[in-house]
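Here's what Swiss-Prot has on this protein:
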SIGNAL    1-27  signal peptide
DISULFID  Cys40-Cys59  disulfide bond
CARBOHYD  Asn43  N-linked glycosylation site
DISULFID  Cys44-Cys61  disulfide bond
CARBOHYD  Asn49  N-linked glycosylation site
DISULFID  Cys55-Cys72  disulfide bond
CARBOHYD  Asn58  N-linked glycosylation site
REGION    85-104  region 'Disordered'
Amino acid sequence: LKTFCLFLQIAVFIALGIQIFLCGTDALNNENELFSVEYCGANCTQQDNGSWTKCKGNCTCYHEDGKRYGLCLSTEYTDFTQFPKPTSEEIADASPRPKETNSH
């Protein structure tokens with residue numbers, strides 16, 4: 001039962017992350033801006049002293065009020081208007097190329 005509850009919690013948090021992502025991008029309503037949320041593959045817990053276990057890297061602990069457990073998530077906002085528009089040549093240079101094969 002405890003494993004099922006943990007699985008259910010993770011599913012809810014992932015759904016919440018997706019909802020935040022969709023609401024964030026819809027609220028911006030601008031293709032030049034992007035807000036993304038990713039699950040970092042780890043959980044966090046509240047210690048007896050009230051502090052929370054640390055998440056690694058750029059991840060932050062997100063939890064519901066009153067709960068002693070949460071998920072490590074990374075969030076990122078990108079405003080593409082801060083970058084110049086690429087030229088056709090830059091786009092061509094960045095495009096994937098077919099893999100070259102040696103014939104025998």
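Cβ coordinates come from backbone N, Cα and C, glycine included.
Long-range C-beta contacts of Cys72 (disulfide bond), restricted to its own chain and to partners at least six residues apart, with a cutoff below 8 Å, comprise Tyr39, Cys40, Gly41, Ala42, Asn43, Cys44, Cys55, Lys56, Cys59, Thr60, Cys61, Tyr62.
Looking at Asn43, Asn49, Asn58, the glycosylation sites in this record, the fewest other C-beta atoms within 10 angstroms of the C-beta turn up around Asn49. Taken residue by residue, the region 'Disordered' (85-104) breaks down under DSSP into 7 helix, 0 strand, 13 coil. For Cys44 (disulfide bond), the count of additional Cβ atoms within 10 Å of its Cβ stands at 21 [all protein chains shown].
Cys55 (disulfide bond): 20 other CB atoms within 10 A of its CB, across all protein chains.
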